[in-house]
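For 76-356, the entry in TrEMBL reads domain 'ABC transmembrane type-1'. Annotation source TrEMBL lists domain 'ABC transporter' at 395-630. Positions annotated as region 'Disordered' by TrEMBL: 1-37. TrEMBL lists 75-96, 116-143, 202-227, 299-320, 327-348 with the feature transmembrane segment.
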Amino acid sequence: DGAFQKLLTQHGSMKDTEEDSEGSPAAATPKIAKSKTAKDKELGRLVTTETKESGSVKSGVLLTYLKAMQSVPTAAFVVIMFGLTQLIAVMSEWWLAYWADETESSEEGHGTDFYLGLYVAIAMSTGITTFLRQLGVLSLSLAASEKLHDQMWEAVLRCPLSFFQSTPVGRVTARFARDVDTIDQTLADTVTRSLTTSSTAFVSLIIIAVIAPWFAVGLIPLLYMYYRIMQVYRCSSRELKRLHAVTGSPIYANFSETLMGLDSIRAYGAGRQFWHKCHGLVNTSSRAYFPLKMLERWVALRLEMVANIITMVVCILCVVQRGSSSAGLAGLIIYRSVSITSILGFMVRATIESENQLTAVERIMEYIKSLPAEAPRVTSADGELSSDWPTKGEIEFENLTVTYRSGLEPALQDVSALVRGGERVGVVGRTGAGKSTLMTALFRLVEPSSGCIRIDGVDTATLGLHVLRSRLGIVPQDPVLFSGSVRFNLEPLAEGGAEVSSNDARLVEAIEQVGLKESVKLDDNVAEYGSNFSAGQRQLMCMVRCILQKPRVLVLDEATSSVDYVTDSMIQTTIRTAFGPCTVLTIAHRLNTIADSNRIMCFDAGRIQDFDSPLSLLEKPGSIYYELVNEMGQDAADGIKKAAQMVAVPLS
């Protein structure tokens with residue numbers, strides 16, 4: 001019931017991958033398993049719980065990392081350089097031993113310059129092979145990091161809307177920031193140190209055992225002690241590393257959310273509250289980080305003790321057996337035994353740290369292999385469409401039911417309606433009625449649970465997402481602008497590069513249509529998220545995109561919610577003129593903006609309650625539209641009724 005156990009319980013949603021070694025601390029730790037009740041609660045969560053693997057890092061993780069390096073010749077070159085480096089290192093030590101024996105010999109041999117020159121040549125060879133080895137490792141590491149990053153990036157971009165609704169942005173940021181940084185900066189170096197120290201320790205033990213066979217008998221229990229210490233450290237540090245990664249994600253999420261809501265935080269004087277929240281998240285993460293550092297000190301002390309025992313035993317045996325070996329070989333054994341004191345410690349720590357850092361690859365693989373994906377961008381049905389599809393813009397909703405996630409109530413239920421080509425339809429309803437869900441289903445941001453949507457008789461479910469979305473136009477409630485120029489943001493998908501436009505005069509004309517000609521120039525810089533433009537200006541720039549696109553189906557989702565009434569009136573005129581032949585679906589809270597629509601679609605609890613002309617609905621006291629209009633006040637209601645009376649007869 002201690003603090004660490006509470007931390008494990010709170011953040012211990014895990015998937016078992018391998019049984020831990022018997023008797024290890026990880027094996028003694030209770031596994032956190034979800035009951036049926038917990039699973040039911042998970043379905044109702046707005047934000048999903050982050051999972052954490054347990055047990056040993058699977059061999060497939062290392063294999064994936066190695067495959068991502070892609071270059072077999074470079075990998076073979078690195079292996080050869082590893083072998084040459086160790087061989088040359090042994091040669092240099094053997095040469096020193098030989099030099100010492102020759103110096104003691106009474107026979108005249110080569111001069112000091114000969115021995116020293118050859119030793120320097122061998123040492124320089126070691127430096128060259130080490131440099132070439134590190135160059136190869138760096139090349140492989142960068143290739144692996146780039147490939148894993150690109151695969152994860154592609155997986156995230158292909159995720160459906162539901163993933164981003166239930167996953168904090170900080171959790172995704174943590175994988176792209178901390179985990180990719182681990183692969184970029186430290187993983188390759190740690191793996192290299194692990195291989196280097198392991199091979200050096202192995203060679204040292206072989207040399208000692210060959211020169212002094214009697215030492216091999218006492219070496220077995222000492223190596224067993226190393227193994228037991230390594231097992232305890234390996235299991236504990238691995239789980240602490242995973243726990244530290246999981247507890248770190250909320251810090252990124254809180255930081256991102258704080259930046260996005262900075263204006264509101266300052267306006268309400270809630271800075272202290274968010275400071276305390278951040279302080280608590282950092283403390284929670286530190287509760288996993290500090291035990292990890294203490295564990296490193298624990299293992300370092302015990303490894304030093306065992307290594308010192310090895311050195312002491314070797315020195316004693318060399319003195320006892322001084323008559324059976326030369327001074328040079330005795331010096332070589334003692335040198336290797338002294339160096340092995342630090343080498344074995346580094347080997348254990350580097351090997352364990354390599355496994356710990358492979359959890360970064362493990363977390364990235366989770367996104368690459370486990371994230372849900374949208375429907376294909378391209379399908380065979382795309383080729384059967386004409387280049388100007390849709391030509392009429394007729395939309396048919398047939399028994400459409402949409403559920404955001406399994407276990408939740410449907411947001412739309414059995415919706416059936418026909419929107420004729422060129423018709424202007426307003427969509428109204430109270431909050432949560434299903435208005436925006438209808439639009440997300442039209443663009444297939446959420447796939448229907450049942451039913452279908454047809455545009456000009458073509459079932460949209462059979463089309464690739466790229467074709468479907470590129471043929472429809474939308475002005476969203478939350479407009480999106482990218483860093484770059486205004487020209488790029490007006491035609492972000494223009495062929496030939498970011499700054500290429502088909503016709504600047506055409507762009508200027510479109511800007512003038514929405515009233516931005518005086519305040520916005522094509523070469524003006526757009527900051528990240530369009531923060532140097534007002535919300536209204538961003539919406540108007542999205543309107544310009546649609547004017548340039550000339551779609552046959554246009555969706556306006558609260559397109560004028562952030563502009564004044566004068567600009568709103570001008571935009572409504574632009575919609576009537578620039579999008580005259582288009583089918584226009586308008587979601588609106590400002591009911592005056594849809595008063596002159598051909599028909600009004602009224603939603604209530606995910607169903608269409610009414611679908612008729614504005615005038616007919618205003619003469620129907622029980623309709624949603626009637627109630628919403630009358631809630632605006634007498635003057636506003638009279639204005640909407642006059643506009644409705646002026647609407648032309650609905651299309652036949």
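Every residue, even glycine, has its Cβ placed from backbone N, Cα and C.
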Folded-back contacts onto the transmembrane segment (116-143), same chain, C-beta under 8 angstroms, at least six residues removed: 68-71, 74-75, 77-78, 81-82, 84-85, 88-89, 91-92, 95-96, 99, 183-184, 187-189, 192
Spatial neighbours of the transmembrane segment (202-227) far in sequence, C-beta under 8 Å, 6+ residues away: 86, 89-90, 303, 306, 309-310, 313-314, 317-318, 321, 325, 329, 332-333, 336-337, 339-340, 343-344, 348
Long-range neighbours of the transmembrane segment (299-320), counting only residues six or more past its ends (CB under 8 A): 208, 212, 214-215, 218-219, 222, 225-226, 229, 232-233, 330, 333-334, 337-338, 340-342, 344-345, 348-349
Other parts of the chain folded back onto the transmembrane segment (75-96), taken as Cβ under 8 Å at six or more residues beyond its ends: 66, 69, 115, 118-119, 122-123, 125-126, 129-130, 132-133, 136-137, 140, 195-196, 199-200, 203, 207, 328, 331-332, 335-336
Mean of pLDDT values spanning the domain 'ABC transporter' (395-630): 85
